[in-house]
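S.K.: The structure's right below; bear with me while I get my questions together.
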Amino acid sequence: MRLASRALCGAAGAAWRDSFPLGGRDVARWFPGHMAKGLRKMQSSLKLVDCIIEVHDARIPLSGRNPLFQETLGLKPHVLVLNKMDLADLKEQQKIIQHLEGKGLKNVVFTNCVRDENIKQVIPMVRGLVESSYRYHRGESLEYCAMVIGIPNVGKSSLINALRRQHLRKGKATRVGGEPGITRAVMSRIQVCERPLMFLLDTPGVLAPRIASVEMGLKLALCGTVLDHLVGEETLADYLLYTLNRHQLFGYVQHYGLDGACDDIASVLKRVAVRLGKTQKVKVLTGTGDVNVIQPNYAAAARDFLRTFRSGLLGPVMLDRDVLRSPPLADP
């Protein structure tokens, strides 16, 4: 898809877009509803667990969580782990916590599973919640079991591996990856701690059957919850550019050696492609026959732009800044 040029490039003081065109986009096509089977398996395993650990992306702490988790798994004690905190702008962390408390989420931990930041807070929190639960009737059993849930690619398996590193000094028990869908099925129990004896169940990522809005869908896609080509790599790169400029985050200018910030995705991708040597031969029909013309590879440039953002090289970002500007509302 070739995006229309808007010749709106210049210095950081330029008038950036105050909205993103959302019309005509089929969000349902991005998030196919094939994940009900995974949710049913989680429900059938509920009797085996004492607590639910929900992992979500710290860049979208207030949007994109699957409401079915609360509806179907809500009877168990619940910990919300906001992972990838190193990629999130958390200057307004207290306001995030206030919003979540307004939704009834009082047990929240921000983590970075790559560097094991705040990982040691998780198991004591789980243990305390389970032991204070009115459903706590353990008898002779001295072990704990929690189910790790969340939407795709938020770091569920990474959290399990980080807990094992911290408490057992052992390596990976579950496969991790940068694409959604690595964990395919509810697995057997994985030990993550000796004292107290604790096991976790890893589960596949499950998205909501219906995404509330196109913009929420774009935020989820930026965080890698679906494969980029389902949304459109250049469309997603354009939404990223729109977001970075609105938030006055111009790290992409320095990273790619651009002349200045720009609000036109076609111009940015052209310069990125040339800078990285990502070009392609295209046959052009002329009056004298076919001619091979070297053109920028916009799709390859868009993929690099998205990959660079997700790796944190463009700086931390808070994609839910618009939600933070509104007052927290309690669930009815």
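Backbone N, Cα and C atoms are what each Cβ position is placed from, and that goes for glycine too.
Note that TrEMBL annotation is computational and uncurated.
These figures come from a predicted structure and were not determined experimentally.
Residues or ranges marked as domain 'CP-type G' in TrEMBL: 36-209. What TrEMBL lists as GTP binding site is Asn83, Lys84, Met85, Asp86, Asn153, Val154, Gly155, Lys156, Ser157, Ser158, Gly205.
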S.K.: Suppose you look only at the domain 'CP-type G' (36-209); what would the mean pLDDT be?
M.R.: 86
S.K.: Let me check the 10 A CB neighbour count of Asn83 (GTP binding site). How many other CB atoms are there?
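M.R.: Neighbour count, Cβ to Cβ under the 10 Å cut-off: 27.
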